[in-house]
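A.B. asks: The feature repeat 'PPR 1' is assigned by Swiss-Prot to 139-173. The repeat 'PPR 2' annotation in Swiss-Prot covers 174-208. According to Swiss-Prot, the feature repeat 'PPR 4' maps to 245-275. As annotated by Swiss-Prot, repeat 'PPR 5' applies to 280-310. Taken from Swiss-Prot, the feature repeat 'PPR 6' applies to 315-345. Per Swiss-Prot, the feature repeat 'PPR 7' maps to 350-381. Per Swiss-Prot, the feature transit peptide maps to 1-13; the stated evidence is sequence analysis.
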Amino acid sequence: MMHSVSRLARRFCATLATATAEISGEAAASVPTKAKKHRSIYKKLSSLGTRGGGKMEETLNQFVMEGVPVKKHDLIRYAKDLRKFRQPQRALEIFEWMERKEIAFTGSDHAIRLNLIAKSKGLEAAETYFNSLDDSIKNQSTYGSLLNCYCVEKEEVKAKAHFENMVDLNHVSNSLPFNNLMAMYMGLGQPEKVPALVVAMKEKSITPCDITYSMWIQSCGSLKDLDGVEKVLDEMKAEGEGIFSWNTFANLAAIYIKVGLYGKAEEALKSLENNMNPDVRDCYHFLINLYTGIANASEVYRVWDLLKKRYPNVNNSSYLTMLRALSKLDDIDGVKKVFAEWESTCWTYDMRMANVAISSYLKQNMYEEAEAVFNGAMKKCKGQFSKARQLLMMHLLKNDQADLALKHFEAAVLDQDKNWTWSSELISSFFLHFEEAKDVDGAEEFCKTLTKWSPLSSETYTLLMKTYLAAGKACPDMKKRLEEQGILVDEEQECLLSKICP
């Protein structure tokens, strides 16, 4: 075993050593071939996040044994892409594999890894990793990465202390740390603290970047300070047109939409389109969402057509954006058409698309069509179906079809989808039906189904007792049931118990 590991390590090192000799001989067809290989490798690595996809270490080792070029800068890129598409654990496994191969990390590499640790293992693990780094490795990138972690988790006290430490160490030389703090305060619902950070930036002779200006504008919008918005725009104009980005105009449009200034919103959206990079999908998504916000269906379709011309192979993210937009516009014919188009072209069946279609049909009281989408989805993918089932159940309960809703609930339990958690709204809706029908037996049967999943909560027992009270029936053993579950009886439950459990 030790010999095979040594051979693997030597082969990996040899692969790295040939980095500069990649494009030669039969690779003269080169760039397209190389790009195709990269796509193939990334596709394999990203599939590891799916059920039965395999393990990262085994896959990377196999690449090395097969002579597939596995270079550090490519691995870093794959890790960044996995992070972008919300697979931080898989991305972290790439770094862990590189560490086992004794590949040296720069400060920037450590910064990325720290971020991935926070995303996949939590903030405490990220702090431990940061503290384990040698002082010679800790630089502006690593300090900045930890600050970002604090800000994302809205740990204001830690973020402020860490930021002051960065200032003392001369690790604050650009707008990024300030932008992180601004984003944190916006997330904390404290937009009034953003302007002071802009002042602090300027006192340090740091020029605001386009992101800074965008968040400053956002903060003014949150405070409904339209004069403040105009002042920021005037300052940006003084800086020069180059400081304006599509994101600036997206924020402007969102602010104007929120206060009902649709004319100004339209102007901002036109500026967004003129300033955006046509190769960035998110720009089209923002346009679609914002035009939806002003109920401009014709512009939504126009941007959708632009996106499809730019990207003939439309991905799931774009289809999801369009379907959600059409659903908000109550364009059921559009939803039907786009959903059918997606189903006919998709590589992987994404239940989010089906959920939007189901929700759209139910809004129009078209239960049969919604159920047809659900049944079709069950044949085409392995789930998860919890969201779809809840949508159907809520609709059935609102339309006095509790028997059908219960069948869906029982089916969900039989599916044994361990990731499913029902909403409190759904449980309350079921019990509202039992209470109005004075159906104690039905409520108890429902509780039995619930306990197949997990013990009943205190809130569920309250709803059950209300059903007994509505039915005018006693439940002599209710106190004992609560005690056995270790539930601390609150004032409302004491009152209910006094009436149903004398």
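A Cβ is built for glycine as well, from the same backbone N, Cα and C atoms used for every other residue.
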A.B. asks: Same-chain Cβ contacts of the repeat 'PPR 1' (139-173) under 8 Å, 6 or more residues past its ends?
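C.D. replies: For the repeat 'PPR 1' (139-173), the nonlocal Cβ contacts are 107-108, 110-112, 114-115, 118, 123, 126-127, 130, 133, 180-181, 183-184, 187-188, 204, 206.
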A.B. asks: If we skip the immediate neighbours and take only residues 6+ beyond the ends of the repeat 'PPR 2' (174-208), which ones have a Cβ under 8 Å from one of its Cβ atoms?
C.D. replies: 144, 147-148, 150-152, 154, 156, 159-160, 163, 166, 215-216, 218-220, 222-223, 228, 239
A.B. asks: Can you tell me how the residues of the repeat 'PPR 5' (280-310) break down into helix, strand and coil by DSSP?
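C.D. replies: So the repeat 'PPR 5' (280-310) is made up of 27 helix, 0 strand, 4 coil.
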A.B. asks: Over the repeat 'PPR 4' (245-275), what is the model's average pLDDT?
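C.D. replies: Here the mean pLDDT over the repeat 'PPR 4' (245-275) amounts to 92.
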